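What TrEMBL annotates here:
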type: DOMAIN; residues: 2-164; note: domain 'FeoB-type G'
type: BINDING; residues: 9-16, 55-58, 115-118, 144-146; note: GTP binding site
type: BINDING; residues: Asn20, Gly24; note: Mg(2+) binding site
type: TRANSMEM; residues: 264-282; note: transmembrane segment
type: TRANSMEM; residues: 316-340; note: transmembrane segment
type: TRANSMEM; residues: 367-385; note: transmembrane segment
type: TRANSMEM; residues: 397-422; note: transmembrane segment
type: TRANSMEM; residues: 428-447; note: transmembrane segment
type: TRANSMEM; residues: 485-506; note: transmembrane segment
type: TRANSMEM; residues: 566-592; note: transmembrane segment
type: TRANSMEM; residues: 604-627; note: transmembrane segment
Amino acid sequence: MVITVGLLGNPNVGKTSLFNKLVGARQYVANWPGVTVTRIEGATSYRDYTLHFVDLPGVYSLSATSLDEKVTRDFLLFTPPNVTVVVIDSMTPEQGMYLLLESLELGLNVVAVFNTIDEAKKNGINIDKEALQTFLGVPVVLTSAHTGEGIDELKETIINSFKKVTRTKLFEYGEEIENLIKKVENCVSNEYNKRFMAIKYLENDKFVRELINNCDFTTDESIATEIAKKRYEYITAIISRCFTKSNNLLSTMEALDHVLTHKYLGIPIFISLIYLAFNFTFKTSEPLVGLLEFLFGKLVEFIGNDTMFKSLISDGIINGVGSVLAFIPSIFALFFALGIMEESGYLPRIAFIMDKLMYSLRLTGRSFMTLLLGFGCNVSSIMAARGLSDERERITTILVSPFISCNARIPVYLMIIGVAFSQYKAEAFFLIYLLSIVLTAISSRIVNKVILKGETVPFIMELPRYRLPKLSNIAVYMWNRGKHFIEKAGTIIFAASIIVWALSYFPDPNNIENSFVAMIGKSLEFLFRPLGFSWQTVSALIFGGVAKEIIVSSFSQFYNGIENVVLSPATAATLMVFVLGYIPCFATLAAIKAETNSNKYTLFAILYSLTISYFIAFLVNISWRLLS
């Protein structure tokens, strides 16, 4: 028999980690709000039952103001699961218990799970499980997704709750509000939970107000405020009776936050840590990168290129695909360093640090967290913008996401830096990433001034606790980010390398200057002459519009190996800036079109990126040549 189980909880309570423990899924465990934007499902067998879990987007309330909250609310309201597991952080249970009360009001069959019990014990927090069950009127399970404690008990409790549905005594708000609830209930259709819908109506929930359009009952904000106040009073009373603390668990975290999120020290510390991450990347990966380049070079020499087939294998596939694969160690090393910062709980604090700066750009730290995903893939940050409740902020974030330097650009930067700035690798890498943030900020200001206008919504974010990074989680983070290159090397880059080889080989195999690719590059070379780009660079940039890694593959084929590429420092710096700014890839454009549902915004993204990248690249080229 199949039991459908909904996993509900606030962002950052370990809900997705718990999901992984329950079903063995390798869904990535992030350390900031909004990581799960759509439904994630998995199943496991226990006794004679199949437990089908749905990992819902993390929310703070069942009032939907953003797309991810709507996914959760609609699932619970219209297709409620057999059992709803509400996951609550044992260290900070207040917000999770607020969501628990709403779930009970919706009439869901609830199991309350207090997660991170291992951390609670270490920090001197004792939980009276029996008392909690008495006050809440639902089964309570204490778990640790980290150690696996309570996982089997949770499965057992889910099955028992399925067999015997628990309906708890509903929390009451006092005579005045209860009378208002009863009045609104008369307007609610029988197909919905009347009490839940009436309370949401009084809370001025937009969705419910539109649904219950036959009710002329009016309320002001004071009613919604009073409802929230009553809930928190009830929650505080329960916590005071069921939770005891034996030491000051927050002192260390508060001391760290005082330094790392300091209004003057926060940004310099962030910049320093990013620089150290880049320095670590080059120091640790250089030997492996050199070894791979040597091996691929020897393989090309061994095969030769004296026939068309040999040329296809050596010049096309090995030079093309191998030139990208050679940078895999650097990419994995970078994501290992970033994984440490994320797993420790530091990365989410960057949103807090940057909020004041983002506010001046008419965005918030919430947008910054979404944009951070773009350092992995611009498509991810564009999709994650669904979680932004303010439409103006959402569209702005989508339009500026392409300027965040995604991981597809990394091999291009590494190639250019290796050719022209080998003595200053970490510094050059750091500067291009810093420029990425500056360019994103400038573009945000322009978009908000010219296209989208409106007030900035205040940013509220619950910061996760600092944690000692767990190697297995860092490894998963590193693999999930880095495997993208291996997958693309075997698909898009492989196919593109063959196409580039064919255009380079024909019609004259003996002279690439007479090839089709040279004809294409030379026909457009005049447009890029102010930037100092050769026809080879122009052609590579054209192919790079499909996927940025193809630029590396193209250069490798045009010059018969990356080691033969020659770029002056001025041209190299100009090329890096242009690669940063111009259209990331077709997938990014498709994501912009899908998320904005607008040809106008998609066209703007194309034209603006080409214009701004050309303009800044031109300034870099002129300035470099004048100064040198």
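Backbone N, Cα and C atoms are what each Cβ position is placed from, and that goes for glycine too.
All features noted in TrEMBL, drawn onto the structure.
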residue : record              : Cβ contacts under 8 Å, 6 or more apart
Gly9    : GTP binding site    : Lys15, Gly58, Val86, Val87, Ile88, Gly96, Leu99, Asn115
Gly24   : Mg(2+) binding site : Gly42, Thr44
Asp118  : GTP binding site    : Ser144, His146, Thr147, Glu149
For this session: Using a Cβ-Cβ cut-off of under 8 Å, list the residues of the same chain that are 6+ residues beyond the ends of the transmembrane segment (428-447) and lie near it.
Result: 271, 274-275, 278, 281-282, 357-358, 361-363, 367, 371, 396, 399-400, 403-405, 413-414, 417, 421, 576-577, 580-581, 608, 612, 616
Seminar exercise, completed: Least crowded of the binding-site residues Asn12, Asn20, Asn115, counting other Cβ atoms within 10 Å of each Cβ, is Asn20
For this session: Considering only the recorded stretches 264-282, 397-422, 485-506, state which has the highest number of Cβ pairs under 8 Å to the transmembrane segment (566-592).
Result: 397-422
Exercise. Can you tell me how far the Cα of Asn20 (Mg(2+) binding site) sits from the Cα of Leu56 (GTP binding site), in Å?
Worked result: 13
For this session: May I ask you to report the DSSP-based helix, strand or coil state of Asn12 (GTP binding site)?
Result: coil
For this session: For the transmembrane segment (604-627), find every same-chain residue at least 6 residues outside the stretch whose CB is under 8 Å from a CB in it, and list them.
Result: 399, 402-403, 439, 443, 451, 530-532, 569-571, 573-575, 577-578, 580-583, 589, 592
For this session: Check His146 (GTP binding site) against DSSP and tell me helix, strand or coil, would you?
Result: coil
Problem set entry | Secondary structure of Gly24 (Mg(2+) binding site) (DSSP, helix/strand/coil) | coil
For this session: Could you tell me whether the transmembrane segment (316-340) and the transmembrane segment (485-506) are in contact, taking contact to mean 3+ Cβ pairs under 8 Å with a sequence separation of 6 or more?
Result: yes
Problem set entry | Beyond the flanks of the transmembrane segment (316-340) by 6 or more, those residues with Cβ under 8 Å of it | 276-278, 280-282, 284-285, 288-289, 292-293, 296, 299-300, 303, 347, 375, 407, 410-411, 414-415, 469, 473-475, 477-478, 481-482, 485-486, 488-490, 493-494, 496-498, 500-502, 505, 549, 552-557, 560-562
